Amino acid sequence: MLLHLYLVRHGQTMFNCYNRLQGWSNSPLTDKGLADADRAAEKLANVIFAAAYCSDTTRAQATAERILSENEKHTHARPQLISDMHFREQCYGYFEGQDMNMAWWAAGAP
């Protein structure tokens with residue numbers, strides 16, 4: 001049996017707009033981020049998903065929910081969305097929520 005893995009990045013977040021590091025920080029999707037998720041949903045509308053996983057951040061959950069909702073409109077069975085902290089991005093510790101340029105400077109980047 002051949003399986004396909006679809007990886008989708010969440011849509012734009014408030015932290016993206018302000019160039020902030022967000023690993024474990026829970027920054028919501030912007031209007032553009034919701035539109036990004038809707039575009040991904042349109043492209044994946046006819047895919048039959050056996051399973052759906054995302055991190056436990058609201059940005060990942062909102063993106064996945066929009067994709068699965070659009071998919072369900074095309075009469076595909078909706079898999080249960082499994083949200084788990086183990087799918088989060090890495091934690092940036094002290095640098096979480098900080099300006100990305102400042103964080104790179106503090107870390108010694110050229």
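Cβ coordinates come from backbone N, Cα and C, glycine included.
What TrEMBL lists as active site, tele-phosphohistidine intermediate is H10. There are 24 other CB atoms within 10 A of the CB of H10 (active site, tele-phosphohistidine intermediate), with all protein chains counted.
Reduced to three states, the DSSP call for E89 (active site, proton donor/acceptor) is coil. Annotated active site, proton donor/acceptor per TrEMBL: E89, in sequence order.
Secondary structure from DSSP puts F15 (substrate binding site) in a helix. Using a 10 Å radius centred on the Cβ of F15 (substrate binding site) and all shown protein chains, the other Cβ atoms total 19. The substrate binding site annotation in TrEMBL covers R9, H10, G11, Q12, T13, M14, F15, N16, R59, E89, Q90, C91, Y92.
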For H10 (active site, tele-phosphohistidine intermediate), which of these recorded positions sit within 10 Å, Cα to Cα: R59, E89, Q90, Y92?
R59
For R9 (substrate binding site) and E89 (active site, proton donor/acceptor), what Cα-Cα distance in Å is obtained after rounding to a whole number?
11
